[in-house]
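In what follows, a single structure is set out as structure tokens and then discussed.
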Amino acid sequence: MNLAFIPSPSTGVIELGPIPLRGYAFCIIIGVFVAVWFGNKRWVARGGKAGTVADVAVWAVPFGLVGGRLYHVITDYQLYFSDGEDWVDAFKIWEGGLGIWGAIAFGAVGAWIACRRRGIPLPAWADALAPGIAIAQAIGRWGNWFNQELYGKPTDLPWALEISEGPNRVAGTYHPTFLYESLWCIGVALLVIWADRRFKLGHGRAFALYVAGYCAGRGWIEYMRVDEAHHILGLRLNVWTAIVVFILAVVYIVISAKIRPGREEIVEPDRDATPAEKDGSGEDGSGEKGVAKADAAAKDPLTKDEPGKDATAENAGAAGAAEKA
């Protein structure tokens with residue numbers, strides 16, 4: 001055995017004391033918590049209320065899990081509905097099998113419902129969460145390592161992944177596509193954070209950049225995989241999906257930048273207001289002083305930008321005058 005190879009785990013179950021937890025589920029749970037935690041920090045830094053990201057996630061996550069599983073079952077229906085297969089296995093989500101495309105689409109529906117209930121803009125919420133989702137995917141991909149699934153073509157490279165003999169798999173060393181995608185997602189998260197700082201992305205453009213960045217990587221990584229998949233014109237279905245979604249994301253970024261340049265100012269209806277905001281005091285009688293102080297108190301934990309920094313010159317001047325008073 002080459003010690004440079006990446007070994008596969010002997011079991012896909014993590015023992016948490018008396019509680020057995022499948023590694024796949026564990027990675028997803030950790031990823032969700034990291035995404036919500038980091039998204040909350042970005043949301044608060046932009047003027048939102050702490051806890052809002054988690055409240056919306058309560059809707060988005062279940063919708064996302066259902067959508068991700070549906071996409072997987074529909075696109076790989078032969079695994080569950082062919083002769084000799086048990087259709088009940090389609091409900092065993094803990095054994096692996098989530099399609100990111102369905103998860104994002106259905107998760108967006110759940111988030112939209114929650115955002116409407118809270119009276120906040122969905123694009124702004126998505127922008128705050130975007131890099132956290134990429135990090136969550138980077139963590140979640142390690143669930144494939146636990147399950148010894150979705151690996152690439154055979155290779156003898158030093159970082160090859162050792163796969164043991166098992167149902168529907170042949171022992172050998174393969175490209176660790178789970179690791180490639182995990183590292184790619186970390187890169188996408190850093191790209192979104194940098195671009196958000198550099199270009200003040202708003203109105204859903206940070207989220208669209210995450211989608212485009214992920215699709216660019218998923219296309220070539222998907223091409224390396226050897227698991228069974230449907231093909232269209234010689235390409236795997238997920239490669240075509242990545243191409244189409246990538247184009248849509250880029251088009252959205254371009255059109256959105258022309259129609260709604262800059263970044264929206266996030267103020268939640270139920271956000272804790274300062275006394276100046278509540279009674280409308282301030283130099284211009286509209287509570288600008290209270291808003292300016294609240295915005296100045298919150299800065300993006302990574303970009304160090306003030307949430308109201310890209311407001312109009314008129315508002316900036318009014319806030320400055322109020323501060324001097």
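Glycine too: its Cβ is placed from the backbone N, Cα and C atoms.
If you look up Swiss-Prot, you'll see 266-312 marked as compositional bias 'Basic and acidic residues'. The compositional bias 'Low complexity' annotation in Swiss-Prot covers 313-325. The region 'Disordered' annotation in Swiss-Prot covers 266-325. Positions annotated as transmembrane segment by Swiss-Prot, on the basis of sequence analysis: 19-39, 47-67, 93-113, 119-139, 175-195, 207-225, 237-257.
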Recorded stretches the transmembrane segment (47-67) and the transmembrane segment (207-225) touching, at least 3 CB pairs under 8 Å: no
Stretch of maximal Cβ-Cβ contact with the transmembrane segment (207-225) [cut-off: under 8 Å; candidates 93-113, 119-139, 175-195, 237-257]: 237-257
